[in-house]
């Protein structure tokens, strides 16, 4: 299994629709010249962007967080260019990009250091072979202060690994529960 380069990522995105919309280069400034958290193709990965759709964790109803019986009232829905995450809390978001992962590819998604250096941790599970959809992102604010996330800017990097042999059973074959997700998706069992 080997990590894939910028040339491979560009080819797969442009010929197979692996990433849509796709940015073939690295964007570091907004259209009006403002500095932003970079996104797009890097040497050995792709920096994904956060969309304007957020679910911010709240303790208004004092419910228990149970992954087997998750209460949607635990979140407040926000649509904005920025999301403020309360101290020691977290938020869910989704990528602007839609992914179609090939059958012989597995990805690993890592947070960007720009956010990590501010105490904001991004967690995303691997994108399995033949998974497709918008990625649900998990942001944890580990600080005692409110933290800001920017929509339309880079938030994490996806690394692509191509296997020497095709898997016997893909995510699609298993009927994976998060297949084809279109928005921020809460836990399913």
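Using the three backbone atoms N, Cα and C, a Cβ is placed for every residue, glycine included.
Keep in mind that what you see is a predicted model, and the values were worked out from it rather than measured.
Counting every protein chain shown, the Cβ of residue 171 (dCTP binding site) has 21 other Cβ atoms within 10 Å. The dCTP binding site annotation in Swiss-Prot covers 112, 113, 114, 115, 116, 117, 136, 137, 138, 157, 171, 181 and rests on sequence analysis.
Positions annotated as active site, proton donor/acceptor by Swiss-Prot, on the basis of sequence analysis: 138. Annotation note: residue 138 (dCTP binding site) sits in a strand segment as assigned by DSSP. Cβ neighbours within 10 Å of residue 138 (dCTP binding site), excluding its own Cβ and spanning all shown chains: 15.
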Next on the checklist: Please give me the CB contact count at 10 A for residue 114 (dCTP binding site), counting all chains in the structure.
Outcome noted: 15
Checklist outcome for this item: Per DSSP (three-state), residue 116 (dCTP binding site) is helix
Next on the checklist: Quick check: in three-state DSSP terms, what is residue 171 (dCTP binding site)?
Outcome noted: coil
